[in-house]
Amino acid sequence: MGKRDNRVAYMNPIAMARSRGPVQSSGPTIQDYLNRPRPTWEEVKEQLEKKKKGSKALAEFEEKMNENWKKELEKHREKLLSGSESSSKKRQRKKKEKKKSGRYSSSSSSSDSSSSSSDSEDEDKKQGKRKKKKKNRSHKSSESSMSETESDSKDSLKKKKKSKDASEKEKDIKGLSKKRKMYPEEKPLSSESLSESDYTEEVRAKRKKSSEDREKTTASITYVFTMRNEKTKKKKKHKKHSKKKKKKAASSNPDSP
């Protein structure tokens, strides 16, 4: 049994389109778009000038609105001017009436004013005394509060100093105990029998001794290291010199047969 032939014939699409012939176009072509009627430069200028000028109807409407607005402004100004004149006349009338009434009431009001002025002076004096008392009280209260705050601050500073001194003494005692353990040959100190000044001097002297001992140990260690380095350098130089001598001897003496 042979295999089934599944091959398909290849059709060239370009050759098929050529064989069909030209396609009939339903719409406008590109050439029609390029050959469309266009306005000349003079016509374009005329259109632009018309746009700048605007329509005649709009210009007429704006002129009418301006005229109406001018008429309204004139009416408003006339009203304001008439109102200001009437108000000024009313004020003058009121002033004249007050002057007339003041002449008649001056004699009756003089006695009332004297009594009222004496009462007002008494009230002013009483209010001044009350204000002075309030100021003195406020000043005293502020001074007392300031003194209390100063005393509190002094007490707090004293407490801090005492706590610092106590902590420093404890540290010195601990350092001495450690030194006694490190150096048992030294005689123990009795902090109770000694005074504070002697105690501090002894502590300082011991600290100086310990610093001097440390410096001595560091100096000895550095000396040992320098000596070792010098010895190693000398050994290296000696080895190099011996190798050079051997090479010279080997080169001078011919090889044995």
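Glycine is no exception: its Cβ is also placed from the backbone N, Cα and C atoms.
As recorded in TrEMBL:
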COMPBIAS  70-80  compositional bias 'Basic and acidic residues'
COMPBIAS  89-102  compositional bias 'Basic residues'
COMPBIAS  103-118  compositional bias 'Low complexity'
COMPBIAS  127-139  compositional bias 'Basic residues'
COMPBIAS  164-175  compositional bias 'Basic and acidic residues'
COMPBIAS  231-249  compositional bias 'Basic residues'
REGION    18-39  region 'Disordered'
REGION    70-257  region 'Disordered'
Query raised in the report: In terms of Cβ proximity under 8 Å, which residues at least six beyond the ends of the region 'Disordered' (18-39) contact it?
Result: 47
Query raised in the report: How many helix, strand and coil residues does the compositional bias 'Basic and acidic residues' (164-175) contain under DSSP?
Result: 12 helix, 0 strand, 0 coil
